[in-house]
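J.: Please read through the structure below; I'll follow up with questions.
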Amino acid sequence: MRSIFWDDGLKLIDQTKLPEKLEVIECRNVEELADAIKKLAVRGAPALEAAGAYGIALAAREREFADVDELKEHLKKAADFLASTRPTAVNLFVGIERALNAALKGESVEEVKELALREAEKLAEEDVERNRKMGEYGAELLEDGDVVLTYCNAGRLATVDWGTALGVVRSAVEQGKEIRVIACETRPLNQGSRLTCWELMEDGIDVTLITDSMVGIVMQKGMVDKVIVGADRIVRDAVFNKIGTYTVSVVAKHHNIPFYVAAPKATFDWERTAKDVVIEERPREELIFCGKRQIAPLNVKVYNPAFDPTPLENVTALITEYGVIYPPYEVNVPKVLKF
């Protein structure tokens, strides 16, 4: 099952319910989709790209419009509203812009609706194809018997299907290689323990769960061969990914363990540097409560950024649908991705 899809309406796996329950929910309007994005029912940069595109298609169908001009104005407002939900993941903006630009070419209400949905469906198919290509290129970096440490969730739940970092693992396993995975729990929302472990176990891939603070000891003991993570935005000097990724990269570099980032071209924002990126800050309750249980004083000060920048100097290579890119990135990224 895809993480997000159109079936007479916008459907998505509610990732807040996993691993206890696999539940598909329907977003009936843009407000419901925005809420799903904010509460992380749908998350992961490529999945958000699809959500942004499908959001424009949804906006075109959520009510009746007097004429095509009224519909187009509504779509522009919906685009701005959806873009405001999460400021760091650039893919969301890419998906919104693609579907909006396609829709605005329509000359009638029905044509606008059709063009928006067609572009969203096209984008979703492209995501699956590029993840497969990424997986094939990345699998060449893995040896039979490798243990891969990953952080957060960059699997099929974070994409339309197959995954980026976990797509590399899946492709290697599909080739007949024996690959084991160490998954970091990824505090505070535990995407690693809840989502990565769940989907790898569903696929029968060997996975061991550790706390984030155990990264050092598993590397020190020689239990990790490679690190592969995903990305929410890649700029000229850094990779923005789930908070804690930077720490993993530092420890991996200290132990001379290859640190790979798997991400599609749409995740690259090559005109910007780390200082230009707004890092989303999540609600303080995410640290004070674990589920419904209080685990910290209610009035404690909280700092809860969702992402951190990993300097590109810590990254061994970037795995993309166009191939594996090695340093110097300032030369090779534009060359390979044709920026």
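Including glycine, each Cβ sits where the backbone N, Cα and C put it.
Per Swiss-Prot, the features are:
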- ARG43, GLY44, ALA45, ARG86, GLN191, ASN241, LYS242: substrate binding site (BINDING)
- CYS152: site 'Transition state stabilizer' (SITE)
- ASP232: active site, proton donor (ACT_SITE)
J.: Within 8 Å of the Cβ centroid of the substrate site residues ARG43, GLY44, ALA45, ARG86, GLN191, ASN241, LYS242, which other residues of the same chain have their Cβ?
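T.: Everything else in range on the chain: LEU48, ALA89, CYS152, ASN153, ALA154, ALA158, GLY230, ASP232, ALA306, PHE307.
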J.: Fill in the CA-CA distance, LYS242 (substrate binding site) to CYS152 (site 'Transition state stabilizer'), as an integer in Å.
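T.: Rounded to a whole number, the Cα-Cα distance is 6 Å.
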J.: What does DSSP call CYS152 (site 'Transition state stabilizer') in the simple three-state scheme?
T.: coil
J.: Tell me the coarse DSSP state (helix, strand, coil) of GLN191 (substrate binding site).
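T.: Helix, per DSSP.
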J.: Under DSSP, is ASN241 (substrate binding site) helix, strand or coil?
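T.: In the DSSP reduction, ASN241 (substrate binding site) maps to strand.
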J.: When you measure from the Cβ of LYS242 (substrate binding site), how many other Cβ atoms are you left with inside 10 Å?
T.: 26
J.: Quick one: pull the CA-CA distance for ARG86 (substrate binding site) versus the residue listed as 'active site, proton donor', whole Å only.
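T.: So the Cα of the residue listed as 'active site, proton donor' lies 11 Å away from that of ARG86 (substrate binding site).
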J.: Report the largest Cα to Cα distance, in Å and rounded to a whole number, among the residues ARG43, GLY44, ALA45, ARG86, GLN191, ASN241, LYS242 that the record lists as binding substrate.
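T.: Greatest Cα separation within the listed binding residues comes to 17 Å.
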J.: Near CYS152 (site 'Transition state stabilizer'), which residues of its own chain have a C-beta under 8 A away, given they sit six or more steps off in sequence?
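T.: Correct list: CYS184, THR186, GLN191, GLY192, THR196, VAL229, GLY230, ASN241, LYS242, GLY244, THR245.
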J.: How many Å separate the Cα atoms of ASP232 (active site, proton donor) and ARG43 (substrate binding site)?
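T.: Cα to Cα, ASP232 (active site, proton donor) and ARG43 (substrate binding site) are separated by 10 Å.
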J.: What is the Cβ neighbour count of ARG43 (substrate binding site) at a 10 Å cut-off, with all protein chains included?
T.: 27
J.: Per 10 Å Cβ neighbour count, which of the binding-site residues GLN191, ASN241 ranks highest?
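T.: The largest 10 Å Cβ neighbour count belongs to ASN241.
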J.: Taking the Cβ of GLY44 (substrate binding site) as reference, which residues of that chain separated by at least 6 in sequence fall under 8 Å from it?
T.: SER3, ASN153, ALA154, LEU157, ALA158, THR159, GLY230
